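The block underneath contains the structure these notes are about, expressed in structure tokens.
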């Protein structure tokens, strides 16, 4: 059976571990470089990205994380994990933070504003529905969330969402020598896939919808690095919408 690592430095790693348990998958907490050697895929959870970066530096994890991403095994970043995986991040604190990279996109670290601007919304996810069944929408939980401003040609957009009307206006500089510009589009990208990398600006682990975790697991069947053993999910464990029928008692989740 596949072994999924969850980077457990800070943030919502417990919630990802619980989501994996609900679908019968073994998850292991990862805090040291050597622990990456025994896993088939990796989830980088949401949290406070600057704090996570400091802790990753302290444990000398960045070289090992870059090697893991470059090796072709599936990696999924949620919220702060998305920032970690981006090749470029804007809207950062003075001095910025170190990134793992690998995902050809530009992320705004705090696109949706402060903690008070956190929100939930329904997202259109036809690709997720096509692959994992269920409705063609999912619940997106955005907590002081980032967003993807632009993507490279090899990046597949899986979901976008309307820009909230109460979001503070932001001015973006894309690098030295470039003029600053205000983000004026009425929608913004919040979920993408590029090869072995999946990234979401929201938190699927905080909902009862396990399709994103199954989608991530299915990615490894396509991975050139190593094929998973087939993950058998009994048909009785899914309802007509692709959600678990009988959820074991676990961490609180949003319905």
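Including glycine, each Cβ sits where the backbone N, Cα and C put it.
For reference, TrEMBL has these:
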{"type": "ACT_SITE", "residues": "79", "note": "active site, nucleophile"}
{"type": "ACT_SITE", "residues": "203", "note": "active site, charge relay system"}
{"type": "ACT_SITE", "residues": "205", "note": "active site, charge relay system"}
{"type": "BINDING", "residues": "47, 48, 49, 109, 143, 144", "note": "L-glutamine binding site"}
{"type": "COMPBIAS", "residues": "238-248", "note": "compositional bias 'Basic and acidic residues'"}
{"type": "REGION", "residues": "230-255", "note": "region 'Disordered'"}
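Those residues noted as binding L-glutamine (47, 48, 49, 109, 143, 144) have their most widely separated CA atoms at a distance of 12 Å. Rounded to a whole number, the C-alpha distance linking residue 144 (L-glutamine binding site) with residue 79 (active site, nucleophile) is 9 angstrom. Residue 48 (L-glutamine binding site) has a Cβ environment of 14 other Cβ atoms inside 10 Å.
Other residues of the chain with a Cβ within 8 Å of the Cβ centroid of 47, 48, 49, 109, 143, 144, the L-glutamine site, are 11, 46, 79, 80, 83, 110, 145, 146.
It is 143, among the recorded positions 79, 143, whose Cβ has the fewest other Cβ atoms within 10 Å in the structure shown. Most Cβ neighbours within 10 Å among the recorded positions 109, 144, 203: this distinction goes to 203.
If you take the Cα of residue 48 (L-glutamine binding site) and the Cα of residue 205 (active site, charge relay system), they are about 16 angstrom apart, rounded to a whole number. Annotation for residue 49 (L-glutamine binding site): same-chain Cβ neighbours under 8 Å, separated by at least 6 residues, are 80, 83, 84, 97, 109.
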